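Sequence annotations record features per position, and here TrEMBL assigns compositional bias 'Basic and acidic residues' to 748-757, 783-810. Here TrEMBL flags 767-782 as compositional bias 'Polar residues'. Per TrEMBL, domain 'CDCP1 first CUB' is recorded for 3-70. Among the features that TrEMBL reports, domain 'CDCP1 second and fifth CUB' is placed at 79-182, 409-491. Taken from TrEMBL, the feature domain 'CDCP1 third and sixth CUB' covers 188-291, 514-627. Annotation comment: TrEMBL describes 315-403 as domain 'CDCP1 fourth CUB'. The region 'Disordered' feature in TrEMBL is assigned to 734-810. The transmembrane segment annotation in TrEMBL covers 637-660.
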Amino acid sequence: ASFTISLHKVDNTTVMIKLRPGVSQSCRIRIKNVIRYDLKITSGENVTFTFTCSTPEKYFVMEIQKNIDCVSGPCPFGDVHLYPPGLPRLNRTYIWDVKASTKAGLELKFSAPWLRQIEPGETCPDSISYNINSCIDKATVNIGTFCRNGSVSRVKLLGGVIVSLHLPWHSLLTTSGFNIANRASIKRLCIIESTLKGESSITLMSPNYPLGFPEDELMTWQFVIPSNMRASVFFHNYSLSNCERKEERVEYYIPGSPSNPEVFKLSDSQPANIAGSFNMSLQGCDQDAQNPGILRLLFQVVVQPPQVDENVTHVVDLSKEKNMTVTIHLEGWPSQTPPMSEPICLICKDPRTCDRVLTLASGAVYRISFLCKDLSRLRITAEKGIGCMDIRWCQRKSYSLSVPKAITQLPIQLHKFIWKLLATDLINIEITSPSLKLQQRVPEQRCNTSYSYSIVSATPETELNIGVFCPGGSIEKIQMRNNITISLKTFGKGFINGSIPQDLKMSFVPHIKDECTFTLSPNPKSKVYLQTPNWSYGLPPYISISWFIIVPSKQTARLGFSKDRMGIACETGRAYVNIKEETPGAEETVRREDELLPQPRNMHHNFWVNISNCKPVDKTQLTLQFWVTFADKQIDLGIILAVVAGAGVLMAIGLTVCCVKKKKKKTQNPMVGVYNANVNTQMPGKKGLFGKGRQNNESHVYAVIDDAVVYGHLLKESNGSVAPEVDVYRPFDGPIGSLPPSPPPFSFRKDIKRSSNTEEEPLPLTDQDTYTFAHQKSGQSKDSGDANEKDKGDTSMPLLEKKEQDGLME
């Protein structure tokens, strides 16, 4: 098809057709017999042309520019038309360049459905967009880019203006959608009028956004709001320039306000809950020539009807709290921000100071209200700090880690309460739950309460996630080193108005040996699962964790591990599992990372479980889980029989002695000499005349043999103590109950030889004499010969047998 474009001289219009950037030149323009790649038609020309392809919209774009002079001649007020008619269907841009004096600004009025400002790079849904630029002398300021269907109804500009309308080739739009309404001096860069008819939300930007607002300029937004609606202003993105003189600020003119204009910094919370229409102005400053900086602003205006409960205030008394902040926010904050177009919930600390997020600091009393249709969308996050720099001042203090009533009484769900516990290197932290006790959350042991505690121990080098705990378990006490963060997190709507009791207390204690120590007093009827901290990432290298389990007196505990091995290989050091009962003489069970873990075993007394890590090879991590169950103690039948047999033997011996005494009384025989170890049985005489042999000497008879007599030569050789060799494991021999069993220092863990793997050699006796454990019989002869010359059977014969041979028993 052929096209004819005819322009009159008075139109002051230019039409240009050119190839789209980046496309092939397979389509061209034919004027008579001339083939061209572009075409320019000026005022007074009449041109007929065709395209050499059937889809020219894929290859060409068109630009139509009209110059309007409002300085030297009359300004053509009224609607601006799309001229000339009959243009080919190409992507086209209409440009109206209006010249005007700075003493008489121009007013552009847009017809419904008005305009909506968009950010640079954003596109309009229908691909129809407007761009407005202000021209002052030779400077051009981009007022903004707009789509259709918005709230911007008028724009007043100082000086000239350039308006661009971008239409896609398939658009059927036949009007420009605006007119030049008036000329008036405004004494500022521009005035943008935004008309909002009902509940809505709009986003606006300062001119030249995001490149920067012109230096020392002033502009105004006029908001037309129905009298029965309320408007609130929120700054979402802004930056400040470096001012040499004056100060960047925002000014509000609110009808009925006692202090118009109300001046705010860009960093302040902006006015909210404004009744009716108002103006907002942005004022720049004189910038530093060397480092001007950038002044820019992106903000939101939300219009909503008055809330039924907007006059209901809630008292939040934080006057007695210290180092605490309370933040009220929307669900999902700060990771999730609801779209600006959605109706929002506002939190107000006075009728005009409202925001989506409100933070209250301790030491004051607040009266807050809510502009929100659905309070269930709101959440509370609070944080409190407790510190100790000197143990002398805080060792005896106990701090309650419970949510204050000022928070639980609000009609909002508590999302999280965080306690940050800070202490110096030599001060540690103890967490107790005397009545409820804590349960560690593991896959086999889920929490069914409305809240839980997450405990994290942090140092500058590493972070140790102790675990997640909920009330109603067996953990009475947790002692930890380093700074601690405890986060109470709620689930569902169960944690409301303080209906769930809380029983968590904290105190500062002196330095502890292990990184973390748990004290448990399990329910005898329960099965308790416990696992090492940092479960998701594994126990950090060279960390030692201990558990002290209290076993009821009439119960027996059974301890077992959830897997056979630790599952790691050590690069340096050794990893250990130590188990030891809290009873004198109890053996300590030790397993290394290259050994099988202990099989399930019964523990009859309170006991310790200690797990210590090495530096694992590669990415292997140490994660261990164990369990404890309880059963009633069973009396051993063998012990009962032994006790009964022992009692019978004693009774028989007693009856025998009685019978012997009675028989002796009846016979009235001459008294037979009875041996008394405490009486000297030697006849008076010269010393050495009748020498006593070893057999007849009582020095080899012992009622009890003292360990020092048998093992004395070993003690003398070691001066009373046995020094451990390097690289030899030392079993736990510390005070029972005060400290958990622990492996040797990591410097001794390269190749540990455990004594349990070798048989113990018998201890040599210092004398070859035979030792007996009974007194000599009373009728034994006192021979002066040496014991080596006597029959050795005499000295080893049982006492009863010797008496029978001598005829002393009847």
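Counting begins at 1 with the first residue displayed.
Heads up, the Cβ atoms here are built off N, Cα and C, so glycines get one too.
The DSSP breakdown of the domain 'CDCP1 third and sixth CUB' (514-627), given as helix, strand and coil counts, is 0 helix, 52 strand, 62 coil. Taken through DSSP, the domain 'CDCP1 second and fifth CUB' (79-182) splits into 0 helix, 62 strand, 42 coil. When each of the listed stretches 79-182, 188-291, 409-491 is scored by C-beta pairs under 8 angstroms to the domain 'CDCP1 fourth CUB' (315-403), 409-491 comes out highest.
Sorting each residue of the domain 'CDCP1 fourth CUB' (315-403) by its DSSP state yields 7 helix, 42 strand, 40 coil. Taken together, the residues of the domain 'CDCP1 fourth CUB' (315-403) have an average pLDDT of 86.
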